[in-house]
Amino acid sequence: MSKPIVMERGVKYRDADKMALIPVKNVVTERDALLRKPEWMKIKLPADSTRIQGIKAAMRKNGLHSVCEEASCPNLAECFNHGTATFMILGAICTRRCPFCDVAHGRPVAPDAEEPQKLAQTIADMALRYVVITSVDRDDLRDGGAQHFADCITAIRAKSPEIKIETLVPDFRGRMDRALDILNATPPDVFNHNLENVPRIYRQVRPGADYNWSLKLLERFKEAHPEIPTKSGLMVGLGETNAEIIEVMRDLRRHGVTMLTLGQYLQPSRHHLPVQRYVSPEEFDEMKAEALAMGFTHAACGPFVRSSYHADLQAKGMEVK
């Protein structure tokens, strides 16, 4: 029997070390090894990376993190080249260990009390008009990190009064009442929390999370702020069916969610959950049509769509795919 991994505080555990801690193991089959990316999944990189390096330098200078880098997002080059990024607060170490996600797992250090001001100054320096703020899960904090979100929102608005802020929050497991009390006092312009996938395979995809808890979080925020858009997203290609995706969309509408994102799951490494199928652009178009018919005000559905991909355009109801 192998010895359990003893996690050191502040150390990032990734790939094999991270997956070794997950009770649901990833067994690679011959079929998984043969599954190749179709042509529509090919990305063309920009010829000039000057702006990309500039954003990375600004992040490093202020000790900030982007989910674009930490989660190995396939859209990083495009978004950075257009001068946009999704900021990840509360460090780069997550207390969860979801096998689809490339963010490091471990025992995080205490939150940086100066981060809200650093973040606000960086955003002001970049002259951003729309910003997405997300975080790792912080099950070690009594409020799950909600006060840190609120502090960041307050600091950003103080330096950039005209900015629109979208928060992509964790589930605040076991701390929903406390977290919502804090967030309701300093609400964002868009409230986002991702379901990620369908109930049947939730234990495999999001160990430690609960499908109905996440729906309740979205519903309760919407009840407190009916004027603020609520948003959620799923990754597809993990073994779910299109019919199951449609049913999740219905659940989201029943809980008051008004914006939807659907995108193709891509395996970050061989240690992560394998891609079970590639959903075609035509299927994404069909699911978008279903979403709009259900009453979503906007649905961004496409192979490269991610929750914060062109989030400013999504918020305006413009076409994103």
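Here the Cβ of each residue, glycine as well, is placed from N, Cα and C on the backbone.
Here the structure is a predicted model, which means the values were calculated and not measured.
Sequence annotations record features per position, and here Swiss-Prot assigns [4Fe-4S] cluster 1 binding site to Cys68, Cys73, Cys79, Ser308 based on sequence analysis.
Here the domain 'Radical SAM core' (80-297) returns a mean pLDDT of 94 for the predicted model. According to Swiss-Prot, the feature domain 'Radical SAM core' maps to 80-297, an assignment based on sequence analysis.
Classification of Cys94 ([4Fe-4S] cluster 2 binding site) by DSSP places it within a strand. Other Cβ atoms within 10 Å of the Cβ of Cys94 ([4Fe-4S] cluster 2 binding site), summed over all protein chains shown, number 26. Marked as [4Fe-4S] cluster 2 binding site by Swiss-Prot: Cys94, Cys98, Cys101.
Take the Cα of Ser308 ([4Fe-4S] cluster 1 binding site) and measure to each of the binding-site residues Cys94, Cys98, Cys101: the nearest one is Cys101. For the binding-site residues Cys98, Cys101, Ser308, the greatest number of Cβ atoms within 10 Å around a candidate Cβ is found at Ser308. Other than Cys94, Cys98, Cys101, the residues of this chain whose Cβ falls within 8 Å of the Cβ centroid of the [4Fe-4S] cluster 2 site are, in sequence order, Arg96, Arg97, Phe100, Asp102, Val103, His105, Val136, Asp137.
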